[in-house]
Structures are given as structure tokens and as C-alpha cells.
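Q: The structure follows.
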Amino acid sequence: PATRQRRVAGNSRSSSRQQQRVEGLSLDIEIPSQVPLNTSGDLTDDNDIEEADNSSGSTTSTSPEAEEAEAASSTAQLLKKARQARSPVKNSNPHQPSVEGGPAGMGDLSAQSLGEMSSQDRRSVLLLTFLYVLQGIPLGLAGSVPYILTARKVSYTAQGTFSFVFWPFSLKLLWAPLVDSIYSARFGRRKSWLIPVQFGLAAAMTTLASYTDWLLGENPPGPVRVLPLAAGFFSLTFLAATQDIAVDGWALTMLSRRNVAWASGCNSVGQTAGYFIAYVLFLALESADFCNTWLRSRPEPVGLVSLSGFLRFWGLVFLGTTFCLLFRREESTSSSNSSSEVDNDNLGVRETYAILAKVMRLRPVLLYLFCLCLLKSAFAAADGMTGLKLIEAGVPKERLALLGVVVTPFQLVLPVLLSRHVGNRPLSLYTKSALPRLLLGLLFAGLVWITPRFKSAHDASYPWHYFLLVTVAYLAHQVFMYAMFVSQMAFHAKVSDPNVGGTYMTLLNTVTNLAGSAPVTFLLFVVDYISIKSCSTPSLESESSCITLVDGYYIQSGLCFILGIVVLLRIRATFRRLESLPLEHWKVT
């Protein structure tokens with residue numbers, strides 16, 4: 001049959017373009033003039049949509065009016081679907097997020113429990129946790145060395161030098177694109193780096209074990225050689241940071257998209273367990289007092305283990321477990337996990353760095369990281385110096401380490417619970433936990449100030465109720481710290497592009513790590529300079545002696561609290577806006 005060309009008479013019947021915003025979701029829709037609008041350009045209610053449907057059905061298909069009515073009907077259906085976006089929508093695909101209860105575009109990424117997961121996801125969770133346990137071993141050892149140095153009366157300036165050991169986790173962004181783009185497809189994208197790095201960790205631990213006694217000035221007796229000791233542990237944390245890049249990227253493709261938030265739980269639980277072994281357990285077994293009191297019937301001048309022996313043992317463990325990983329098949333990126341049109345498998349080093357530059361130019365990323373860096377700086381005094389000040393006051397380092405025995409069960413359980421219930425607005429949990437953590441910073445400063453009052457004049461010991469007070473304060477701090485950590489990692493996992501996941505997540509995690517480590521290093525260097533001291537004039541026969549009138553630690557604690565309150569009041573609304581952005585705003589195009 002011959003086609004009939006119909007004309008719509010008059011410009012008054014032409015459709016006007018109106019932009020409708022439904023729950024933060026921008027929809028550009030052609031709205032015919034016949035659809036009832038209120039003064040703001042929105043549909044008055046759902047009845048108006050039904051009237052549009054009825055009016056379109058009453059016209060014939062052979063008239064110009066029928067065409068407009070048909071257009072009205074289709075537009076009304078679009079608007080009806082937009083209205084329905086306000087109600088929960090279930091997704092039939094279990095690997096794709098739905099939009100139930102979350103901000104527009106973000107989707108419901110609430111993770112399943114272990115029992116609800118597929119067997120593949122459960123195996124992936126266990127493997128990720130194990131890899132993060134291994135990652136926590138060198139970190140725990142590096143964290144225990146400052147306590148050993150403080151017990152040997154090393155200055156805070158030297159402590160600041162050793163604090164650079166933790167900077168690889170803050171600088172790993174520099175080589176993350178190499179880990180993302182250089183690999184053997186046959187061997188596996190992540191295993192191409194994971195296997196050599198863990199062999200490197202085994203070799204570095206074994207080598208460092210041969211020199212630690214000399215570096216600590218024990219055999220032969222001499223001064224503590226802080227700089228070479230820091231260089232040795234810097235190599236360990238550098239390799240651990242490289243492993244973290246590979247594992248973080250693997251987590252985005254190893255887990256289904258719905259359960260990708262479990263990556264933060266695996267990270268937290270695994271690193272906590274590894275840190276506990278290499279920090280709490282090591283400091284307890286390294287202490288002669290603890291071993292003589294609890295583990296020996298005959299006292300001896302040294303503990304059950306030494307730093308060199310502990311390093312050598314875990315070097316062998318890394319060597320054996322890495323051989324086992326050679327037989328683990330690496331899954332390739334699936335379409336269900338992909339959220340970007342960028343195929344990073346075909347990108348070289350230059351292209352990967354170009355993608356990194358694009359990520360760093362994304363306005364939401366820059367705004368988020370700027371706010372996060374300001375807030376994390378407010379926790380530097382409490383997190384980086386409180387433990388050192390307590391040891392300086394005479395509290396045994398092994399007793400402080402044993403606090404981890406009480407706290408560790410909470411550290412292991414809390415991330416699992418939070419990973420399940422962190423929800424679609426993890427940054428809301430982050431900001432809610434920030435204020436109690438700031439208040440605990442002031443509490444820690446008060447605890448350091450009253451510590452000498454609990455010290456026994458007879459044997460320089462501390463009563464049990466003092467350690468109970470320290471344990472309660474430390475436990476409260478860990479609860480809020482882990483709540484912030486899990487919510488932060490969950491948000492990173494949601495907005496990161498899986499196909500450039502190693503680079504994208506490393507950018508977010510690196511800057512947040514730098515925001516935590518750089519202020520601590522700075523405060524350690526300046527604390528002695530801002531302290532107020534009274535020094536006596538030395539005579540020819542004696543050296544000068546100084547009495548600290550006002551410790552710079554208290555000045556830093558007060559300034560950090562004021563900074564934290566000001567920043568927290570300013571960023572809450574910003575974080576809410578960032579969480580409401582559609583995922584497309586976080587994508588690399």
C-alpha cells in the first residue's frame with residue numbers, strides 16, 4: 001500500500017523539550033503540549049498520566065491528532081516509568097545491582113551473606129582474605145619496630161625517619177598503572193605480579209633477618225642504625241603495597257558485582273589477622289618479661305622469639321604459599337562485573353597512565369579526595385603518637401600489644417557485619433563515626449596526661465584498673481576506626497571501574513593512605529620543636545638537663561580536634577551529594 005505522509009499543523013502542536021528530574025536522576029524527555037503540566041513543568045500527579053493514556057486511546061490512527069495522541073501516550077509511559085523509579089525495583093539478574101532504596105544511579109549493592117553466595121564467590125572470599133593476611137604480616141612487623149625503638153630511647157626525629165617505611169602504601173599510585181597494564185595473559189593478569197612479588201617478599205624477609213641484630217645494635221652491641229633499618233623495612237612495605245595493587249584489582253573481577261563490597265571486609269579481616277600475628281603476638285613473644293611471667297618456669301634474659309627469627313620463619317611461609325598459588329586459576333573479567341566501556345586488557349603503559357590522568361581530573365574524585373584528606377589529618381596525633389607517649393611514660397610495650405588480644409575479636413567480626421549492612425550510603429556511616437573518633441583523640445591526650453599518676457613508686461608497675469581504662473578507650477577507638485575504614489573501602493569498590501580497577505582503586509586508596517601517613521610523619525618531626533621546656537645552664541662538670549613544661553603532643557591533639565570539627569561540619573553535605581551522583585559521573589570515558 002502507498003504510504004501516507006501526515007503533517008502536524010501549527011507550531012503550537014510541536015513538542016517542547018522539558019528536563020524532568022526524578023529522585024536525582026536527570027531525564028531529557030519530549031513532552032507533548034497536550035500532557036497536563038503544572039507551572040513548574042512537572043506532571044501534577046499520576047492521574048494526569050492516566051488521563052494522557054485515555055486521551056491517546058480515544059483517537060483514530062488516520063488523523064494528525066492521532067499521531068500526537070500516540071506521542072502523548074508513549075511520553076506518558078516514559079514519565080510513568082520515571083515515577084516508578086521512586087518505588088523499589090527488583091533486578092532479575094543476581095549479578096547486576098538493582099535500584100532499591102539507594103541513590104539514583106548507585107544501585108543496591110548490598111552484599112549477600114556467605115550462606116547466600118554462590119560457591120565460587122565463597123571460595124573467592126576465602127582466597128582474598130588469605131592474601132590480605134599475608135599482606136598484614138610485613139605491615140605488622142613494621143608497626144612493631146617503633147615500639148622496639150622507643151624502648152631503646154630512640155629520638156622522635158629518628159621515629160619520624162622510620163615512619164617513611166609506611167609511605168609505599170601512600171605512593172603506590174606511581175607504579176599501579178604498570179601493574180594494571182604489563183602482564184602475561186597466559187599466566188594471568190594479577191598473578192603475573194602477585195607471584196613474583198610474594199617470592200620477593202620471601203627473599204627480602206630472609207635477607208633482612210640476617211642483619212636485624214646488627215641494625216638494632218644487639219650483636220655486636222652498638223647504636224641503633226635507624227636509616228638502614230628503615231630502608232630494609234621500606235623494601236618489605238614496597239612489595240606489600242605492590243601485592244595490594246594486584247589483589248585490589250583482582251577483587252573487582254573475582255567477586256560478582258553484587259558482592260564486591262565484600263572486598264573491603266576481606267581486606268579488613270585479613271589485614272587485621274596478619275597484623276595481629278606480626279604485631280601483638282610478636283611483641284608478646286619477643287618480651288622477656290611476658291615470657292618469664294606467663295610462658296616459662298625458669299626466667300631468661302630474652303624472649304621466645306627475636307625479630308630476626310620471626311622474619312626468617314615468615315619468609316619460609318611466603319615461599320611455600322606462593323608455590324601453592326601457582327596452581328590457582330585466575331578468572332577473567334566478566335561482563336557482569338564490567339561497568340566501563342574501556343577495555344584495559346588492550347591498553348599499554350602509556351594508555352594506562354592516560355586513564356589515571358583522566359581519573360584524577362574527574363571532579364567528583366578530586367572533591368572526594370580533598371575532603372577526605374582534610375578529615376584524616378585530624379586523627380594524626382591520636383593515631384600516630386599516643387602509643388609512643390605511653391611507652392615513654394613507662395608502660396611496657398608488650399602490655400600495650402596485648403590489648404590487641406582483647407580487641408582483635410571485635411576487629412575480625414566488625415568488618416564482616418559492616419560489609420553486610422554498610423548499605424548504599426557508606427559515606428554516611430563514615431561521617432557519623434568521625435565525631436566520636438575525634439572526641440577519643442582528646443580522651444587519649446587526657447589518658448597520656450594522667451598515666452604517671454597510676455605508676456607505682458615502688459616497682460614502677462601499673463595497676464590492673466589502669467589497663468582496663470586503656471583497653472576500653474582503645475576498643476572504642478577501634479570500633480569507630482574500622483567503621484570508617486569499611487565504609488570508605490565499600491564506597492571505593494562501588495564507584496571504581498572494574499576494567500581499570502587496579503588503577504582506579506589504587507588512586508583512591510593511595511591518597512587516603514597518604515592522608516593518614518604524611519601528617520603522622522610531620523607531627524613526629526615537629527613535636528620536639530613545639531614542646532615548651534625549661535633547661536638548666538650546664539656547668540663544667542655536668543651536662544644540661546631539661547624539664548618538659550608543655551608537651552607538644554597535647555598542642556597537636558588540640559589543634560587536630562579543632563581542625564576535625566571544622567572540616568566535619570563542612571563536608572557532610574558534600575559527601576551526601578557525592579553519594580547521590582549516578583555512577584556515570586565516576587566513569588572514565
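Keep in mind that glycine also has a Cβ here, set from the backbone N, Cα and C atoms.
Features from TrEMBL:
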REGION    1-111  region 'Disordered'
COMPBIAS  12-21  compositional bias 'Low complexity'
COMPBIAS  43-53  compositional bias 'Acidic residues'
COMPBIAS  55-64  compositional bias 'Low complexity'
TRANSMEM  125-149  transmembrane segment
TRANSMEM  161-181  transmembrane segment
TRANSMEM  193-214  transmembrane segment
TRANSMEM  226-247  transmembrane segment
TRANSMEM  259-282  transmembrane segment
TRANSMEM  302-327  transmembrane segment
TRANSMEM  365-382  transmembrane segment
TRANSMEM  402-422  transmembrane segment
TRANSMEM  434-452  transmembrane segment
TRANSMEM  464-486  transmembrane segment
TRANSMEM  507-532  transmembrane segment
TRANSMEM  552-571  transmembrane segment
Q: Short question: most Cβ pairs under 8 Å with the transmembrane segment (125-149), which of 161-181, 302-327, 464-486, 507-532?
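A: Out of the listed stretches, 302-327 contacts the transmembrane segment (125-149) most.
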Q: Can you see whether the transmembrane segment (464-486) and the transmembrane segment (434-452) are touching - at least 3 CB pairs under 8 angstroms, only pairs 6 or more apart in sequence?
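A: Yes, the stretches contact each other.
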Q: Between the stretches 161-181, 226-247, 402-422, which wins on the count of C-beta pairs under 8 angstroms to the transmembrane segment (193-214)?
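A: So the stretch in question is 226-247.
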Q: Where among 161-181, 259-282, 434-452, 552-571 do we find the most Cβ pairs under 8 Å to the transmembrane segment (226-247)?
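A: Answer is 161-181, with the largest number of Cβ pairs below 8 Å.
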